[in-house]
Structure formats: structure tokens, C-alpha cells
Amino acid sequence: MSSNYRNFRNNVPWLILFLEAVFIVLFYFLSSDDGAPISSIYPAFQDVNQMVIFGLGFFLTFLKRYGFSSTGFNLLIIALGVQCFMLIEGLLVFFLLSENEDSLTRITKATMSMTSVVISTGAVLGKANPVQLILMTVVEIIVFRMSRWINTTFLEVPGDIGMMHVHLFGAYFGLAVSSRFSEPSPRSEKNASTPKSDLLSMLGTLFLWVFWPSFNSVLVVQEKSKAICNTYFALAVSAVTSFVLSVLTTKDGKFRMTHIHHAVLAGGVAVGYTAKSIEYPWIAMILGLLAGVITILGSYCIQRCFNPALKIHDTSGVHFIFGLPGVLGALAQVVLFLINNWPTLPSLGYLVTIGIGAFCLTISAALITGLITGFILNLKLFKTTPVSKYFEDQFYWEFPHLAVGF
């Protein structure tokens, strides 16, 4: 193996140190101690932080030889990405004279925004090296924050709903980036899971499932209890639906762990846009049911038809885990808004157009910037990982018991 690929000492540490130095200098000028007391948002922040660190970290450990990288690189990009987001917020406050929130609220929003980056990472899992992941993190967190700013400023999308576009943006940005990477060999044994890796991945799914109501409600000021309850009901139904469809869609009539892993979170993704506005639990339950169905059935169609036709290799299946339920949730928000405000029909068409335009803008921005980012990341400058070394921890991490042979 070439030393240029075996040893990242000449690029990774220096890139990280450079970014950290820039962050520290900018924090000196842009941040200040607001002196605010411990916010009531702190318990929910803990839940969101555990979701992103533990939940999504273990969620991506399903590959049998890529566990160290899935959890380790996840922590690295989150630590850098949160700092980057905080600086962007500081710049928006400084240049646009926007409202300056307390630090804990900004960190919470930064952590939630990093969900987008981790979702995108799932699409290129095992294919992108640390340098590419770090650069992708910086670009994506900037573009996502800008798309949110456009939605909230010009389209007047509420801030908590604008944050729910995180799933859509992450999924389609990741797909666009992945389209610029070489596809792995169909016969590659490393692009597979084992019972142990599936169990670790399911552990991450359980973390996400338990804490998802906090994610959907943390930014909600009013109707917080309603948002929590509706999220739970949607999650519960999507979980049950995943078990039902798993049995019905397998040849031997047995449960398949990948189905459960994919679909149990779909309800939480889909209901995020409408969790605070749904009046009756049965509506949230129907949304969870539809999300579960779309996720499992969509996985068959996308993996067999969509991805091969467009030559996209989506390692973690982020399209049908987060992308399709996100589209369903965005459309459900428009439909429910239309139903609830039917008496005000003259002005309704404009508002519906704004609602549709918001998530269309998010998807368009994700696809365009993702394609550009993927093209840049595959320049020779960033030492693209060879296809033969995809999905390989040993390519990046030290294994003492293999040191002699390696």
C-alpha cells in the first residue's frame, strides 16, 4: 500500500489544526459571554447531543470492517462542525443585526444542524477519507445555514420548521456528493454487515428512537407537549409497520434486521414538520404508517432501479431512511395547512406555494452544492481513497495485533 494513503500525517493533522486555529481567532472577535443562566432547554439539548453522538455514531456501524471510522470520524466532524456553525451564527448577528440568542440555544441549533452532515456522511460512508469528510462538513454546514436563512427571511418559514429541513438537505446533499465517487465492486465482501455490526447499528437506532421526540420539540415554544406526543405516536406506528412489512416482504417470512433498522425512525422524520400542529394523535399515526411503508418499499425500488440508473451508491440508504420520509413530511405540512386554513381560500394559494417552494429550495440547494462539493472532493489534491480500500478501518486506524502484517 502506498505510504501516501497509509499515512495521513502530512494532511489531516495540519488541516484540523488550521481550522481550529481559525475558529479560535474568530471566536475571539465574534463571541461573548452572554452571562445567561442555565436554560430550560438544557435537558432537551442533552437528548439531542446524545442522538447525534451516540445514536448516529452507532447507527452507521453496520459495515463489518468500518466500525472505528464510523464512530470516530462522526465525533470528529461533529466537534468541528458545531464550532463552524457557531461562527456562522456570529457572522449573521454581526452583519445582519439579527437577534443574538443565548449560547446554549445556538449550540443546540448547531448540534441539530450537524444531523444534516452526518446523514450526508452515511451516503459516502466508507468511501470518503478524513480530509474529504472535514471539507464536506465545512461546506455543507455553511450552505445548510444559508438555505435556512433564505427560508426564514424571504419565505417566512418558522424557525423550528426550517430546522426540520435538516433531513431533506442531508439526504440529497449526500446523494449528490456520492454520485461523484466511484462505485464499489458489486462483489466486494467488505460492503456487507455481520450480526455483531448489525446489533451495534441497531443500538444506535434505539438511541435515536428514544430521543427523537426531544429533537422534534426542542425548538418549539408553544405546544411542546403536543409535539412530543405526536412524535412518539408516529415513531410507534412506523416501528410496528416495519415489523409487519419485514415479514411480508421476505421470502422466508422472517424478520430482517435491516428493515427494522431502516424504517423505525421514518415516523419521527416525517412528523417533524407538523408535530406541533397536529390536533389528533391518529393523524400522526397515519403519517407514521405511511412513512414506514414508503421507507421499506422505497428501499426495494431505489436500490434496484433508481440508484443503478443514476450510478449512485448510497452506502447507508439515506435516501429512503431520511430523504423520502422528509419529502412525505414536507408535503403533509402543506396538506394539513391547506385543510386547517380552508376558509381563508383567497390567500391560501400563495401560502401553499411558499410552503412547497421552501422544501423545493432546500432540495435544489442540496443537490447543486452537493454535486459541486463532490466534484471538488474528488480532485487529486485530496488523495481520493482507491476503490480497493473502500469500507476498510485498517486503512486509517492502527490495529496493534495486525501491525506486523500491515
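In case you wondered, yes, glycine gets a Cβ from its N, Cα and C as well.
Note that the structure is predicted; figures quoted are calculated from it, not measured.
Annotated features, as they stand in TrEMBL:
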DOMAIN    21-380  domain 'Ammonium transporter AmtB-like'
TRANSMEM  12-30  transmembrane segment
TRANSMEM  42-63  transmembrane segment
TRANSMEM  75-98  transmembrane segment
TRANSMEM  133-150  transmembrane segment
TRANSMEM  162-178  transmembrane segment
TRANSMEM  199-219  transmembrane segment
TRANSMEM  231-248  transmembrane segment
TRANSMEM  282-306  transmembrane segment
TRANSMEM  318-339  transmembrane segment
TRANSMEM  351-379  transmembrane segment
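By number of Cβ pairs under 8 Å, the transmembrane segment (199-219) is matched best by 42-63 from the list 42-63, 282-306, 318-339.
Long-range neighbours of the transmembrane segment (42-63) within the same chain, counting only residues 6 or more positions beyond its ends whose Cβ lies under 8 Å from a Cβ of the stretch, are 70-71, 74-75, 78, 104, 107-108, 111-112, 114-115, 118-119, 121-122, 125-126, 190-193, 197-198, 200-201, 203-205, 207-208, 211-212, 214-215, 217-218, 261, 315-316, 391.
In this chain, the transmembrane segment (231-248) does not touch the transmembrane segment (318-339); fewer than three CB pairs sit within less than 8 A of each other, excluding pairs fewer than 6 residues apart.
Each residue in the domain 'Ammonium transporter AmtB-like' (21-380) has a pLDDT score, and their mean in this model is 90. Per-stretch counts of Cβ pairs under 8 Å to the transmembrane segment (162-178) identify 351-379 as the leading one among 12-30, 75-98, 351-379.
Below 8 angstroms of C-beta separation, residues 120, 128, 132, 135-136, 139-140, 143, 146-147, 150-151, 155-157, 162, 165, 168-181, 326-327, 330, 333-334, 337-338, 341 of the same chain, each at least six residues beyond the ends of the transmembrane segment (351-379), sit close to that stretch.
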